[in-house]
Every structure is written in structure tokens, then in C-alpha cells.
Amino acid sequence: MSASITAYDTIAAISTPPGEGAISIVRLSGETAVATANQVFKGKDLSQVKSHTIHYGHIVDPESGELIDEVMVSVMLAPKTFTREDVVEINCHGGIVATNRILQLLLGEGARMAEPGEFTKRAFLNGRIDLTEAESVMDLIRAKTDRAMQVAVNQLDGNLHTLIKRLRQEILEVLAQVEVNIDYPEYDTDEMTTKMLLEKAQTVQKAISNLLSTASQGKVLREGLATAIVGRPNVGKSSLLNHMLHEDKAIVTDVAGTTRDVLEEYVNVRGVPLKLVDTAGIHDTTDKVEKIGVERSRQAITQADLILLVLDQSEPLTDEDEQLIQATANKKRIIVLNKQDLPAQLDTTALLKLVSPDEIIKTAIPTSAGMDALDERIAKLFFGGIENSQTTVMVSNARQIGLLRQANKSLDAVIAGIHAGMPIDLVQIDMTAAWDKLGEITGESAPDELITQLFSQFCLGK
């Protein structure tokens, strides 16, 4: 990837979501962005204004003279823009008709409709950002919680880029020493270089392992944590869902089997995005519809990252309760011992023979008792080892994680090769492979096809 600014045609797109709103933004980027906007703008001559200024005027159809909208136009000149090209943003009134009319006028004056993610792609191709920072733009847009937003901002600020760049530089330095050894064997520095190669491989591998240790948390922040609320009928599953959502999504009655399907909702719990699944009560039934719901509930347990197993402490432990405890034994789970506001009938001693006391949170959902403790346990369960995600460098997407694992595998081969006494020029091949894989993360050695595919996932106007 070249950091020099490359000339492209001028592109245009609507950067705000479609529909009614106070303001819409139509964005242009490219060598003729200012001249194109000038053709449809009635106000100041945009070709004469200073960079990073905003101007009042009207958009007018240059052929018919029809007044389209009253607007504010921002002019930002290269290279101090997101794309490192001239950028113009037309702030018009929100609404589908006026916004589309303005876009069509710009296209009629020679601008091209931008492809999905093309503004961000140009920022990457012009050296403004690397691939990790480009991916963080979409992560920021899609962030479901404050913590997810912090991680995205952290990457956008270049923290992951800086770390990967440092690791590549460390590998490059030792590869240069290996080249000297190969080119000038008479200096007989093989032993010293081999020792340096081993130490560097171990150092870089430790840093990569530390990054990979954040992968599960990063994936949760990016995609959400699939959380199944399970239990036999009428123990308070739907009440728990409604309380966590702060609204009534599930039917709550005293009738067993009221929830006959699987309900899914997203909720933010202390910065952890939960994809809550309220399942039908798991029990033996002859009702055909209920049977389908029970089967879907069993599937939800299998697919869930976290189980909230709700038990009713106002009733004795049942065979169905024990079956659910056994079915979820190998999953991350929290035992929600509900209905603490009612007289106790459940034998706690018997329960503790089946579950750890650390798994139990006592609740009385109608009074909110224990709900703060439940939220805290969920957050601690998944982010207990990461105190401050604002400063912690994390990886969150499958592409980055996969490349880090491939780099780690190459470093394993380096270390194994050195211990096996392999020639240094053969070991060098695996060290170079690790360097290449790290470069793919930032885009420095990424193939064009990958770059095109990555940016195609972005939304229009970004």
C-alpha cells in the first residue's frame, strides 16, 4: 500500500440513513468535488473559499433553475480530510425526495455513485488509515454498548496498528541480521544470530498470545453474547427477560407453558451486549405447539454462550430442575435462584450438591432484589480480566484473529526449527511468513481481493 495520494474520479453518496429526519448529508470526495458542488450551489463561489469552512446557500437545478433546498455546505480541501482528497458535504433538510434530488444533480454534473465503503477505502488507499482502523469505523457504527464503542475508538486511534507495526519491525530487524549471515558466512555469527532469532520469535509470540487472549471478549463486544434464559415452566423466565429489557416483551402469567416459542432481544448489561433468548419452559408435554417450543429451547441451550438457569426457591427442586442442571453443566452459566420474596421450599443443601455456590445469584424479580448482583456477575464473568477496555488493545473480528493465529503458528515453526538445529535460512522462511501475516492485519501485505471484499461490507456513504 502506498501512502501517497492517488487521483481517483469524484464520488458522491448520501451519508445519513434514509427516511425522514432533521438533516441529511450528501458527501462528495475527489479531485473535482468542489467544482461539482459549485455547479448546483447558489451562494458563495466554493472554489474561492478557505478549507474547513461552512457556507449557507441553496441547491438549484442548473438546467431548469428550480430551487431544490436550503442548505449548509462544508468544504474541506486535501490533504487534511478523511479521504485525503477534496471533500464537500451538503447538509440539507432530511427526507427522501430532496436528498435524492441533490444526489442526482451531482451525478448529472459528473460525479460517480460511490460504492459501499468507498470513502473509507480511499482513506486506506491514500494512507490515511490502515485496515485495522478501517474495520474499527464499522465496529464503531455497529457498537451496541459503551464498552464496544470504547474498543472501536481505541482501534480507530491506531493502538492495534501501532502494536502490529512494532512487532513487524522487531521481526524485520532480526531478518536483516539473518540476511547478513547468509550473504557473509565468513563472519561466522550463526550462533549469535540463531540466539537472537529465537529470542525475538518468543518475544513476538508472547505479544501475539496476549492479543489472542482478548479475542473472546472482543468477539462478544462485536457480535453480542448469546444468552439463553432457561428453566421449567412458571419459574420467572419471562419476568427476568422483561426486567432486563425494562419493557414487557414476554407474556407473564401463572399459567405454565404460556411462552411457547423462543423470544430474542438485545440488552446492554454493564457494557456487555447480551442477545437474550427467553425459551419455552422445558418439560414433558403432549401439546404439539408446546413440544416445538421445548425442542427449540433445547437447541437454544446448545447454541448459547451463557445460560441463565432460573430455579424457583418457593418450590422443592424437581426432576426437571435437576435435568436442566445436568444439561447445562458444561456451559458458562449463572443459577438464578428466584422468588426470594416467597417462603423457601427448595432444599439448598441438595442444590449445592449439584452446583457451585459461586454460580448462584438470589433474586426476587418483582422487587428487583438481586438484579444488580446478576448484572455484575455477567460483566465479571466475561470481562473480569480486562479492567479498562479504553486502554486495552483488543482484537474483535475473525479476520484479525485468524491472521494472528497463523502468525503464531509460523513462530511455533521458527522455535521448533531452531531447537531441531535446522539451517538458519530455512528457519527464516517461517519468520518471514509471520511478518507477512501481521502485515495482512494492517493491510501492508494484504491482497487486493481481500481489500475489495472487506470494504464491500460497509454501508453506502461511509
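Glycine is no exception: its Cβ is also placed from the backbone N, Cα and C atoms.
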Same-site (6S)-5-formyl-5,6,7,8-tetrahydrofolate binder from Arg27, Arg222, Arg377, Arg399, given that Swiss-Prot records Glu89, Arg128, Lys462: Arg27
For Lys237 (GTP binding site), the three-state class that DSSP assigns: helix
Spatial separation of Asn234 (GTP binding site) from Arg128 ((6S)-5-formyl-5,6,7,8-tetrahydrofolate binding site) - C-alpha basis, Å: 56
Distance in Å spanning the most remote Cα pair of Arg27, Glu89, Arg128, Lys462, given for (6S)-5-formyl-5,6,7,8-tetrahydrofolate: 19
Residue among binding-site residues Asn234, Ser238 with least C-beta crowding, 10 angstrom cut-off: Asn234
Tertiary neighbours of Glu89 ((6S)-5-formyl-5,6,7,8-tetrahydrofolate binding site) (same chain, Cβ under 8 Å, six or more apart): Ser15, Ile25, Val26, Arg27, Leu28, Val73, Ser74, Met76
